[in-house]
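I have placed the structure first, in the form of structure tokens, so that the comments after it can refer back to it.
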Amino acid sequence: MTNTLTSTFADLGLSEKRCQLLADIGFEAPTQIQTEAIPLLLSGRDMLAQSQTGTGKTAAFALPLMDRIDPEGDLQALILTPTRELAQQVAEAMKDFSHERRLFILNVYGGQSIERQIRSLERGVQIVVGTPGRVIDLIDRKKLKLETIQWVVLDEADEMLSMGFIDDVKTILRKTPPTRQTACFSATMPREIKELVNQFLNDPALVTVKQTQSTPTRIEQQLYHVPRGWSKAKALQPILEMEDPESAIIFVRTKQTAADLTSRLQEAGHSVDEYHGNLSQSQRERLVHRFRDGKIKLVVATDIAARGLDVNNLSHVVNFDLPDNAETYIHRIGRTGRAGKTGKAIALVEPIDRRLLRSIENRLKQQIEVCTIPNRSQVEAKRIEKLQEQLKEALTGERMASFLPLVRELSDEYDAQAIAAAALQMIYDQSCPHWMKSDWEVPEVDFNKPVLRRGRNAGGGQNKSGGGYQGKPGKPRRSSGGRRPAYSDRQQ
């Protein structure tokens, strides 16, 4: 097994040209999966790798492939992915790792013109990245011929299994030469994946990147209890004002919630868009590019759609709706705090969610820090702080000079400080979101009060959330108005 202390890509056997390219695009040191997988793949071994999303697995198979591909040859490599979004990400990454003008990489998936893909195949490509369904379609049309394939990669094989593509994958593998080199990447190892590996891989090397079920330590987790009578959308507004995320994904359960929440956040002045299954392929691609380029800061997404929304340097993840299990929770928040950076995960919890929250915390073997929703004075102080920073920037700008005559004229009648304060007040009022102009105060949330079960006739709907959290005898009730550390007096 490769020495896990290897610190450079050159030590892994990659070419000098490839290593220089990696340095140019900011890749400093290999991850564990890259350290283990790259030498094996360069040596020609088949490989089975168990690795989670976010560990650098794309580079683990793409880099050795790029070092061995012939840019002037026929079709040599086939990479299968469960979704078109992942196919796009893989293809884009491989182009970043190559910069070889003569090398052609083709994406094939549904939602795009198959005629255009056929024309590209006829012109000649060296690498095909695609979903099993579209690959099968092109094979059946006799437009995609696999006789010259030397390398096959199965990316997220367990996801292809769960989406019903495993038979298509087997059909495709049977049409490739038995001498091919095959690499299979899977986060989990169900029986069907093991059977596929035994059938189609030749004495594969096993690489396992262990990832504990606890949350990554670089991610700060916080939860906010939504006050009774408040909606989660209302609770989220002051939280976003205080956090002011550089980039965030807000997870919701349904497409309708995504649409409603996006509309409400847009009305409040946030740079936000929605990402769900109803969007066309072109709409998805456009949104992903805008998000990666920083043109929008917030994306409201469902879990299924968000598989294609992989963005580096994500500062926040917001669980607007809690997921049904701890694994999904970990996967969601694992999108932030990557590559040695810190991140923050926020969860909104209503009384009906408390049993689900307990199950997540029990699985994680940790309690999530409880915070109170920021009150009006805190939000106003934050907005004034931002206004102060904007003012400092404006004082160094060139456009300020055009306003100096007006200031001198006003100074004849008014105090200079009063003029500045009035101008700032005007700017503050104009930029203040509509929800802040209404009378609102954050109700105190009694964390020790049990969550009562209510029937239809009790006016509470079908709230069957159970007993909630109770404090130890003698514990004082917690006051509101600031952040509190995670507390240990909740019943588990």
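Yeah, the Cβs are placed from backbone N, Cα and C, and that goes for glycine too.
Here Swiss-Prot flags 38-207 as domain 'Helicase ATP-binding', drawing on sequence analysis.
Annotated domain 'Helicase C-terminal' per Swiss-Prot: 234-379, in sequence order, evidence recorded as sequence analysis.
The region 'Disordered' feature in Swiss-Prot is assigned to 451-492.
Non-local neighbours of the motif 'Q motif' (7-35) in the same chain are 42, 49, 51, 55-57, 59-60, 63-64, 66-67, 96-99, 207, 209; each lies 6+ residues outside the stretch with a CB under 8 Å from one of its CB atoms. Residues annotated as motif 'Q motif' in Swiss-Prot: 7-35.
Under the heading motif 'DEAD box', Swiss-Prot lists 155-158. Residues 53, 57-58, 61, 79-82, 86, 90, 169, 184-190, 193, 196 of the same chain lie 6 or more positions beyond the ends of the motif 'DEAD box' (155-158) yet place their CB under 8 Å from a CB of it.
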Secondary structure of the motif 'Q motif' (7-35) by DSSP, residue by residue, totals 16 helix, 0 strand, 13 coil
